[in-house]
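Accompanying notes for the structure given below.
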Amino acid sequence: MEVALVSLLILSILHLGSGLSLNYYDKTCPNYEATVTAAVKQAMATDNTVPAALLRLHFHDCFVRGCDGSVLLDSTSNNTAEKTGPPNVSLHAFYVIDNAKSAIEAQCPGVVSCADILALAARDAVALSGGPTWKVPVGRLDGRISKASETSLLPAPTSNFAQLQQRFNQLNLSVKDLVTLSGGHTLGFAHCSSFQNRIHSFNSVNDIDPTLSPSFASLLRKACPGNNTVQNAGATLDATSKVFDNMYYKMLLNGMSLFSSDAALLTHPKTKGFVTTFANSQEAFNLAFVKSMLRMSSLTGGQEVRLNCRKVR
């Protein structure tokens, strides 16, 4: 039943006219998908932070100029690229995309875009962490422009509901997409700087955000004291941060989310309803996540196929 619904979702997304297709590389590079999956599996075998990193890379790519691989570009003497922008300095696992690209270039040079490789790797990151899988429509092109200044377009962890809704609306993504894609926070880790606003000097009345569970806030303050100097200090995004599940939503309802942008999902009746639905049903979350990922990853805007994901062709 779930597989059939996912297939219908893919067809509906393709019907929107994104220019992507499921058979784009069938004749020109038939083994591209298996090659990407192999690169992701190889990286995961030695680094369990890879799935969260790849999923985050894809999000951060798509929210700036569409899913065009621009987040992968290195800075040059004439340009400061997206990956050096404040929201992106903690991005990593670029080497996984580089490895997949090198292997594909050896098979079919100049055919498969870096943007498509990243979209596939994000899908594999979810599936190999216990989440749903889906067919990724392909045919994206890589962008030539990557500017650190444009990372201000990324939703911030301190965002309120109105700010989040505005940014998602600009990309023709719904409030359900907002809640669903926030569920990507089921994987990974956050540094103290992303949530310190909630546990120290929250406002003129409260030192700690009153919507946080007191016991959870206490744990966060121990990990991230006000005078913290430990560069890599922080907390996992949920209690099962290596598994793609609905724990994020369960914890959110119990006042145990890290970001202000997470807590913001409970400030509107409609989004709170989606949070409750996903907390109560892993299947509902999986189906919604596939649909939202397909919608987000259909935001395209590139111009070329790069031979090296870090450099403009």
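Every residue, even glycine, has its Cβ placed from backbone N, Cα and C.
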C192: disulphide-linked cysteine among C114, C224 [source: TrEMBL]: C224
If you consult TrEMBL, the disulfide counterpart of C108 among C29, C309 turns out to be C29
At the level of the C-alpha atoms, what whole-angstrom distance separates C192 (disulfide bond) and D238 (Ca(2+) 2 binding site)? 14
Inside 8 A of the center formed by the CB atoms of D61, V64, G66, D68, S70, E82, which other residues of the chain have their CB, for the recorded Ca(2+) 1 site? H60, C62, F63, R65, C67, G69, V71, G143, S146, G301
Close in space but at least six residues away in sequence, with Cβ under 8 Å from that of H60 (active site, proton acceptor), the same-chain residues are V71, E82, P87, N88, L91, T151, L154
Report the residues of the chain - excluding T186, D238, D245 - with C-beta within 8 Å of the mean position of the site's C-beta atoms, for the recorded Ca(2+) 2 site, in sequence order. G183, H185, L187, L237, A239, T240, S241, V243, F244, N246, M247, Y248
